[in-house]
Amino acid sequence: MTCASCVNGIERLVGSMDGISSIKVDLMTAQAVVQHSTLAVSAESVRTAIEDMGFEVLVISSKVLPPPNSNESSGNRDAAALGNLPVESWFTIEGMTCGSCVASITSILTGLDGVISADVQLLTAQAMVKHLPRDIGVREISRAIDNAGFKATVLGLDSDGNNTAVVDPSAIALQNMQKHRRTAAMRFGWSLVFSIPMLIISMIIDMALPSSNHVARAFHRRVFQNYSVSVICIFFIATVSQVTLGLYFYKHAFKSLFRAKTANMDVLIALGTTAAYVGSIISVTLQKGAGEQFFETAVFLMTFVLLGRWLEAIAKGRTVSAVEALVKMQPDDALLVHASEKEGDVLETISAKQIQLGDLLQVNSGMRVPCDGVVATGQTDIDEALLTGESAPVVKTVGSVVTGGTLNLSQTIRMRATAINESSTLSRIVKLVREAQSSKPHIQEVADRVASRFVPCVVLASLIVFIAWVSAGAAGSINPKWLTSKQMGHTVDMEGMDGMKEDQQPMKYGIFALLNAISVLVIACPCALGLAAPTAIMVGTGMAARFGILVKGGGATMEAASNIDTIAFDKTGTLTIGKPAVIERHIDNTLESQEPSFKSWVYSGVLAVESLSSHPLATAICTYIRSEATLGNQSLALIEHLELPGRGMQATVNVPEDIGKALGWPGTVTQTQILVGKEEWVKDEGCNLDTPLDLRSQWSDKGFTPVVVALKPVATADRSSSSGQVVAAFALADQVRPEASDVVAKLRQRGINVWMISGDHPAAANAIANALGIVNVMAGVLPEQKSDTIRMLQQRGKDANDSQSKWCSKALRLLRLQKTRHRPYARVAMVGDGVNDAPALAQADVGIAVGSGTAAAMETAPVLLMRPSLYSLLTFLDLSKTVFRRVKLNFVWASIYNVVCIPIAAGILYPAINRGLPPVIAGLLMIASSLTVMSSSLALKLYRERKYQ
């Protein structure tokens, strides 16, 4: 594929086949994703159809998709990560000689625990083993084959159950680009073999050397009929060039026209070079060697085009450097630890593909983590720039999660493998970035449609230019100066001497018209239109990945994000950290004054009780008490304890005599129940709520969650007469992210409407909103209702006072002649934690999940912020605007180039300056157009993230 016309032709042809649901072709990576019904058309049929169009096709992978609107896909991914989903592992087997070997290996494999089936192929010397990674891994399978006297090597492992005997698509894309770059360089090198001699003869000897020069005389000497040595040499070089270099363009032009039923850039080049070559032959032949000849035009055109494609291939390789860097971060080897009581721990170097779930691996200082896992022993610093874009190392201790591909900076650690191969975080990131770079924004779809019609229009324009100039020449309306200025070649007089003299005859108007038509053909550039968006998007998504932002939706998502005017935040886990903390506490001052040890004893009891619960509120209370050195410093023995879900914790402890006396209990009370939980539950247990009313009211207004502590004497059997009482209370609230207030303020400064959508009680939601400066709050919204809320915000439209809204309305009235003003549809982004906000994230124009690389977050929203900071949201919005400003700039340049240069090539400037564009200069300008677009996109790498802290 060379340009957008090729892409459009493939999509149109394959899309028209029966059974094809969708097709998406990516020009940059030279890959396509086709969804089809296997009952109607197979992958091989699609491959054959594309090959019949003249392209080379390789089927990278093929898999069955789950039914739409089902949870099968996400369920399979979770099962794959745990090793509960069958996978297909491929092995090459050396040493098989006959059918009995196949039968023996098959019998051995099917007898292994965890192996579901085995398919051994003698001809290909390969085996496909379907197994459960949880029960048996590739090393055990290889070892079983080796023990049978054969040699087994792992080819691949795919957690989706796909045949990975084929290479990963990302690796294929990189290999294709490297191959394309080498091929383009080789073609350009061969073109120099013809263009350099042509330059020496046609430009230096025939035009620069004086007629008295001995070399010039030798080349201008007639040797065959009336043809000079110069003409014969130039004709021979042009002919060989046309047959060898031109064959490449002829083949692709033929396939494009007669197989793909479309016209691409190769058609224009083939027409232009052929016209120059054939026109020169006709001119020289009719005038018996003395006429104008421009054989060099055809040779130089092909050289310049091949130079441009080589430079394009280099630039394309640089645009996908983000994917290449991610792929290279995956280590090839790992150190497997074998525990042995006799010999101690033994280290074995294995391939990263051979890692199994639960393996104990050693990661030395300076090594990359081979797969996702949990630290088993040791402590070290890990560089997680791969995930977050931050170069500051992160301390990892026992129990910490480590990610494959990250770099161990300091100490040796050992880890347990928890996710391998396609289930690993790095593999998912590579897949997401690759998919993002291949997605098309709406503006690119428009450009592809324009490009598909561009070439036929240019051919028609060239024909019109030729006819117009021939007609003008026949009518005698062409100035002789114009004819002389168009000569890029030379004329040879009847004496065979250099004809570029002051008294030379101007060229014939037919040749003049032909050269103008050729200039129109070669200066037109649909490539610039086709590369305007993909190159910028590829660089932009790669830059986003460097900043810890995964843009799964690619160009379409960044296009929508560049026009966002409303952002809705989920509260818990997004604007807040998602972990409650103790904000305030209260204790009965009267009891504390009567017995100084009362406070310490009560908090020690609370710590002992709450430490037995895994509830987030209990964890927050324990954390708070432990952080206070004077609290909870006594050791209390619990006689019995009980957790009541939805209510709280209760336990029985011995009560000291002085504590009981301070409480006013009789000396017969030796034990008490400590109740820690909701106010309503404690009240139902017969305890008096002695917490000051004004304090409870303040906590309620602030949206705090109260947890009360009550003491109830065990000796009191009658609940109605219980003397239990509340002696302490805690006010808890979710912790606001430290950067949330600044992020909200900066969004409002940009004119973006900020909303908060929460399922919490209105008091709690309003308290957070007031702290962050958010005016628009919707509280008490259930997860399934959030999508309706997003839809309401979209239909509500922009703020009537929004200046951008007013500008859009004026523009619409001017461009569409609207008589009535309509509130424009609001573009809404939803920012959530990616766990229970899936419907809202899907409904929003841009769904943004604040995650940490978990599978659930990756699969939920088109955008994933890997860093634990909302400042990444500002970076994403800035980068999206920057990328699409560059996309629009590229399109403006490509459009203006063609609109301006095609008329100039046609000769519109002749009346003003007596000069036009020779075909060779037109070819150089065509190359400059594409390279300018590529350079403009590559300049996005200069983007630097703002420092907000």
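First residue shown is number 1, and so on along the chain.
Cβ coordinates come from backbone N, Cα and C, glycine included.
What TrEMBL says about a protein is an automatic prediction, not a curated fact.
Look at TrEMBL and you will find 1-58, 87-153 tagged as domain 'HMA'. The feature transmembrane segment is assigned by TrEMBL to 188-209, 229-250, 262-282, 294-311, 454-478, 509-533, 891-913, 919-940.
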Notebook entry, point to check: Near the transmembrane segment (262-282), which same-chain residues lie under 8 Å Cβ to Cβ, leaving out any that are not at least 6 residues past its ends?
Noted result: 2-3, 5-6, 8-9, 12, 235, 238-239, 242, 246, 249-250, 252-253, 256, 292-295, 297-298, 301-302, 305, 452, 455-456, 458-459, 462, 489, 511, 514-515, 517-518, 521-522, 524-527, 919, 923
Notebook entry, point to check: Quick one: do the transmembrane segment (919-940) and the transmembrane segment (509-533) have at least 3 Cβ pairs under 8 Å, skipping pairs fewer than 6 apart in sequence?
Noted result: yes
Checklist line | Most Cβ pairs under 8 Å with the transmembrane segment (509-533), selected from 188-209, 294-311, 891-913 | finding: 891-913
Checklist line | DSSP-derived helix, strand and coil totals, residue by residue, for the domain 'HMA' (1-58) | finding: 22 helix, 13 strand, 23 coil
Notebook entry, point to check: Looking only at the domain 'HMA' (87-153), what is the mean pLDDT?
Noted result: 83
